[in-house]
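What TrEMBL says about this one:
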| type | residues | note |
| --- | --- | --- |
| TRANSMEM | 76-97 | transmembrane segment |
| TRANSMEM | 109-130 | transmembrane segment |
| TRANSMEM | 142-159 | transmembrane segment |
| TRANSMEM | 171-194 | transmembrane segment |
| TRANSMEM | 238-256 | transmembrane segment |
| TRANSMEM | 277-301 | transmembrane segment |
| TRANSMEM | 321-344 | transmembrane segment |
| TRANSMEM | 373-392 | transmembrane segment |
| TRANSMEM | 438-456 | transmembrane segment |
| TRANSMEM | 462-479 | transmembrane segment |
| TRANSMEM | 491-512 | transmembrane segment |
| TRANSMEM | 518-536 | transmembrane segment |
Amino acid sequence: MAGHGSKTSFFSGFCSSALRRKSLPEAGDPLTSLYGEGLVRRLGAFELILLGIGASIGAGIFVVTGTVARDAGPGVTISFILAGAACVLNALCYAELSSRFPAVVGGAYLYSYTAFNELTAFLVFVQLMLDYHIGAASIARSLASYVVSFLELFPFLKGHLPSWIGHGEEFFGGVLSINILAPILLIGLTAILCCGVRESSAVNTFMTATKVLIVIFVIIAGAFEVDVSNWSPFAPNGFKAVVTGATVVFFAYVGFDAVANSAEESKRPQRDLPIGILVSLLICAILYICVCLVITGMVPYQLLGEDAPLAEAFTAKGLKFVSVLISIGAVAGLTTTLLVGLYVQSRLYLGLGRDGLLPLIFAKVHPTRHTPIHSQVWVGLVAAIMSGLFNVHMLSHILSVGSLTGYSVVSACVITLRWKDQKASLDSTRCISKWHEGVICLLLVACGGFAAGLCYRFSTSYIALLVAIPIAVLAVAALQVRHSYADPPGFSCPGVPILPAVSIFFNIFLFAQLHEEAWSRFIILSIIAVGVYAFYGQFHANPTGSESRDYSDVYHRTPSEEFLS
């Protein structure tokens with residue numbers, strides 16, 4: 001009986017902890033009194049825009065554009081427009097929340113902690129973090145390979161650099177893939193990030209400016225080589241190939257969430273964060289579209305290469321010096337993407353360390369450098385080990401799960417945080433609260449998107465689509481009719497709840513396009529995360545960041561408790 005009672009007590013305690021929500025301090029409250037040493041506000045709107053561009057534009061602009069064009073033809077331009085439009089919906093949601101929340105680190109984790117509950121926030125963090133860890137290691141190996149390829153342009157080095165230095169050399173049947181340069185690059189970037197946000201921002205500004213200037217030069221130089229006859233037919237494989245291309249190039253835009261995670265280091269976060277998110281996305285979209293038009297106009301899409309299509313296109317036109325610039329741009333692009341990725345990871349670890357969901361060491365901020373050195377070193381160490389020992393490119397098919405999950409939850413946060421009359425939602429005459437009714441509608445929108453994505457992926461009967469899409473539409477209609485919405489302070493996402501709901505639908509539609517192993521990864525990692533939370537997180541959570549472990553009603557509430565207050 002005692003064992004049964006302890007199990008019941010554990011389960012009830014778990015449920016109570018998992019449903020706790022976080023109420024944030026007001027925007028004017030001093031962070032140091034709550035969290036100990038805080039970060040320093042040194043990033044203006046211009047630096048935030050460059051941060052977003054640095055996170056988004058990597059070597060992909062020199063590779064992905066041509067790779068997708070081999071299937072979509074010149075219609076790859078439409079693919080980027082469609083993907084950009086979908087990302088605008090996510091960016092609008094991020095922009096509203098970044099201006100609405102007090103300027104502290106956390107991003108999607110922080111938003112979901114406040115809008116939903118503690119367990120959802122922890123699951124969002126875990127899914128995002130695996131993406132970031134694998135992505136950082138993979139980018140580091142690509143950067144090492146590009147650096148070696150660039151060095152081999154010099155005749156005295158060509159053929160003299162062993163593969164284990166930068167390209168990777170496999171041992172034990174591919175179980176290990178040794179790469180020496182990738183960890184060295186990661187150590188160097190981690191050191192820069194530990195020095196301070198001013199130093200890392202200066203490096204990002206220089207490298208981002210370099211790659212953007214190179215891309216602009218490539219666009220201008222290529223424009224003089226365009227043959228408009230290469231644009232016909234514009235969509236040789238039909239519109240479905242264009243849509244499929246949009247699902248691929250969607251991930252070329254991700255990175256604006258990095259701006260949201262720099263809230264605590266922004267000089268004027270309520271104004272500058274929305275500007276940084278939206279302007280960086282717009283600039284990236286323009287550059288991608290222009291590159292697509294140039295590359296498909298220079299060379300027939302059937303002749304584009306797989307590995308370096310843009311460089312090969314210029315080489316085919318006799319402009320080899322531009323190919324060298326493209327290599328430099330690719331190195332600069334990968335460097336900034338890696339730098340910003342490491343930066344974002346450390347800030348997320350900092351947020352969870354402050355809230356007690358991870359050990360307190362991750363919450364430490366250096367007293368003079370004002371950087372989360374322990375978190376930063378941990379992030380760099382994990383990436384260095386993975387990139388130095390394993391061919392993480394093989395794990396690329398399980399990436400993007402965290403990004404799509406995080407974007408979907410952020411869009412849902414915009415809707416739930418806008419709901420008014422939440423006290424009335426607990427009317428005793430109702431069998432289900434209005435808040436939970438709204439959450440069910442959001443889940444129906446997500447399920448409709450997943451079902452529609454499966455129908456599209458496996459080319460099933462349109463009858464299934466005629467079931468999935470109407471259910472999602474009815475759920476959005478219910479959100480519109482059954483709830484009233486308040487106008488938030490600061491930037492306001494237009495069209496709530498319709499635009500965020502469309503964002504959720506499309507994100508989960510893309511989720512359905514991922515490899516089956518990505519779905520398995522989502523489920524297995526979620527189970528592991530629930531276990532970690534059950535045996536560690538729920539007992540150590542301390543969102544106030546104070547020394548006391550008193551879980552007050554102010555900072556820890558279930559949805560029902562908050563509505564009754």
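In case you wondered, yes, glycine gets a Cβ from its N, Cα and C as well.
Unlike curated records, TrEMBL annotations are generated automatically.
Keep in mind it's a predicted model, so treat the numbers as computed, not measured.
Counting Cβ pairs closer than 8 Å and at least 6 residues apart in sequence, the transmembrane segment (238-256) and the transmembrane segment (277-301) reach three or more and so form a contact.
Beyond the transmembrane segment (76-97), the same-chain residues lying 6 or more positions past its ends with a Cβ under 8 Å from any Cβ of the stretch are 65, 68-69, 111, 235, 242-243, 245-250, 252-254, 256-257, 259-260, 273-274, 277-278, 281, 284-285, 288-289, 292-293, 296, 301, 407, 410-411, 413-414, 417, 488, 490-494, 499-500, 502-503, 506-507. Among the stretches 109-130, 142-159, 438-456, 491-512, the one making the largest number of Cβ pairs under 8 Å with the transmembrane segment (518-536) is 109-130. With a cut-off of 8 Å on Cβ pairs spaced 6 or more residues apart, the transmembrane segment (438-456) and the transmembrane segment (142-159) reach fewer than 3 such pairs and are scored as not touching. Counting same-chain residues at least six beyond the ends of the transmembrane segment (491-512), those with a Cβ under 8 angstroms from any Cβ of the stretch are 86, 89-90, 92-93, 95-96, 98-100, 247, 250, 270, 274, 400-401, 404-405, 407-408, 411-412, 414-415, 418, 442, 445-454, 456-457, 472, 475-476, 479-480, 483, 485. Contacts between the transmembrane segment (373-392) and the transmembrane segment (171-194): present, as 3 or more C-beta pairs lie under 8 angstroms, all at sequence separation of six or more.
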